[in-house]
Each structure stands twice: as structure tokens, then as C-alpha cells.
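Residues annotated as L-glutamine binding site in TrEMBL: Gly47, Glu48, Ser49, Arg109, Ile143, Arg144. What TrEMBL records for Cys79 is active site, nucleophile. The active site, charge relay system annotation in TrEMBL covers His203, Glu205. The annotation region 'Disordered' is assigned in TrEMBL to 233-255.
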Amino acid sequence: MAVVGVLALQGSYNEHMSALRRIGVKGVEVRKPEQLHGLDSLIIPGGESTTMAKLANYHNLFPALREFVGAGKPVWGTCAGLIFLANKAVGQKLGGQELVGGLDCTVHRNFFGSQLQSFETELSVPMLAEKEGGSNTCRGVFIRAPAILEVGSDVEILAECPVPSGRPSITIPSAEGVEEEVYSKDRVIVAVRQGNILATAFHPELTSDCRWHRFFLDMDRESHPKAFSALSLSSSSRGSEGGSKTKPFDLPIFE
């Protein structure tokens, strides 16, 4: 049976563990480098990215995380996890923070503003419906969320979000270190995939829509059929969720 690790330093790791249980997949909390051994894939959850980075440094996790990503195993970052996986992050606190890297993108750490500017919206994600059934949209929960400003040529854009009218002005340092306005588009990237890496700026684990978790697990099923053969992703369970297209995905009651 496939085993999915969830980085459990801080943030919404319990919610990811609950989502995995709902689809019949074994999740393992990861806090030390040796706990990555034997895992088939890894989720890096949302939380406070600077705090998570400090704890990851304390436990000497960064080398092991980079090795895990480099080995080609599926890795999914949500919110702060997206920041961790980006090759470049801007809008960071003074002194910056260490990144795992691997995802060819530039992410703005606090694109949508403060905690008070958190919001929910419906996102158009046709790929998700094509792969996992259900509606062409999903519920996006953005909590003091980052966003992706630009991506490399090998990165597939899965979802974009309208830029809220009240969003603070976004500036990043130029090559000369001068602050300048750089983002004026009316939409911004909030979900991408590059090879074995999936990243979302929002929190699918905070809704009852498990399609993102199933999509993540499906990413490597073809190349590792034995490891994933025991996943409870039966056509009957997919069909029951996909057939209720008019039913809203409410926030779940956690175990």
C-alpha cells in the first residue's frame, strides 16, 4: 500500500491527514529526516512559512527534503508548502528564508495581503474534472495566501484566480535592488504542476473535495503501479462524488 508523508512541523498537517483517511490512504507525520525513508510521496502543508523553515532547519530537514524532491517522488505543497518548493520567493520577511526548491517559478510570499484579507472563491479547474470527475470548478480557500508571479516553460498552469480589487500593491526588488511595481495583471497563477511537483496557493485540505488529493496520488500511479495498487480510488467512489455535481463541497467535520 502506498504511504504518503505529511510534513508535520506546523500548520494544517492534521487536515491533510484527515483528507487522506477519507480516501483510504495511509498518511505518516514527518518531523525528522529519517521519517522520509520508505515514503512514496510527500505533502508539505500550509502554515507560517518562516516558522516552518526555522523548524525544518532545526531538525536538519532541508537536505533530506531536497533529496526527496530530486528523486522524482511526488511532492505537493499547499500555501506555505508552495513557497517551500519554489525556486525563488519574493515578499519575504527581513533576512528571507531557506527554500527546498525544485519548482521553476517565482512566488510572492504574501500576495493577497494580511490574514484579514483571506477569502474563498470558486476556481475554474477543468483538468481536475477531466481527471477525477465532478464539477469544472473547485472551492479555493485562501488564507494569507501566496501566489505565483511567473513560471518556467516546463510548468503546467492548472488554475488562476482573479486578483482582488483591494489587494495591496506588489513590489519586488529589481536586479539592482531597487523596489518597483511589477504586477498589474487582473489574474494570478494559484495552482501548477511540474513533473513530480504539484503546488497550490490555496487549501484543498480545508474542504470536503478530495479530488486534489486523489489527483496528487494519481500523478505517479503509472510509474509505480505496485506501490499504488492498494489505493482505495475505486470507480464507484469516484462516480458517487462526480455524480453530485450540484452538491456544494462544504467544510468537513474533522476526526
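Just so it is clear, glycine is given a Cβ too, placed from its N, Cα and C backbone atoms.
Unlike curated records, TrEMBL annotations are generated automatically.
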Does anything in the same chain, at least 6 positions from Arg109 (L-glutamine binding site), have a Cβ under 8 Å from its Cβ, and if so what? Ser49, Ile83, Ala89, Val90, Gly91, Gln92, Pro146
A correct count of other C-beta atoms within 10 Å of the C-beta of Glu48 (L-glutamine binding site) gives 14
For a quick check of packing: other C-beta atoms within 10 Å of the C-beta of Ile143 (L-glutamine binding site), how many? 19
Note down the number of other Cβ atoms within 10 Å of the Cβ of His203 (active site, charge relay system), including every protein chain shown. 24
Here the Cα-Cα span from Glu48 (L-glutamine binding site) to Cys79 (active site, nucleophile), rounded to a whole number of angstrom, reaches 9
Largest inter-residue Cα distance among Gly47, Glu48, Ser49, Arg109, Ile143, Arg144 [record-listed L-glutamine binders, Å]: 12
Please report how many Å separate the Cα atom of Cys79 (active site, nucleophile) from that of Ile143 (L-glutamine binding site), as a whole number. 8
Mind giving me a neighbour count for Glu205 (active site, charge relay system)? Other Cβ atoms within 10 Å of its Cβ, every protein chain shown. 29
Have a look at the binding-site residues Gly47, Ile143, Arg144 and say which one has the shortest Cα distance to His203 (active site, charge relay system). Ile143
Using the alpha carbons only, what distance in Å do you get between Glu205 (active site, charge relay system) and Gly47 (L-glutamine binding site) once rounded? 12
Around the Cβ of Ser49 (L-glutamine binding site), the count of other Cβ atoms that are within 10 Å: 27
Same-chain residues at least 6 apart in sequence whose Cβ lies under 8 Å from Arg144 (L-glutamine binding site): Asn110, Phe112, Gly113, Ser114, Gln115, Gln117, Ser118
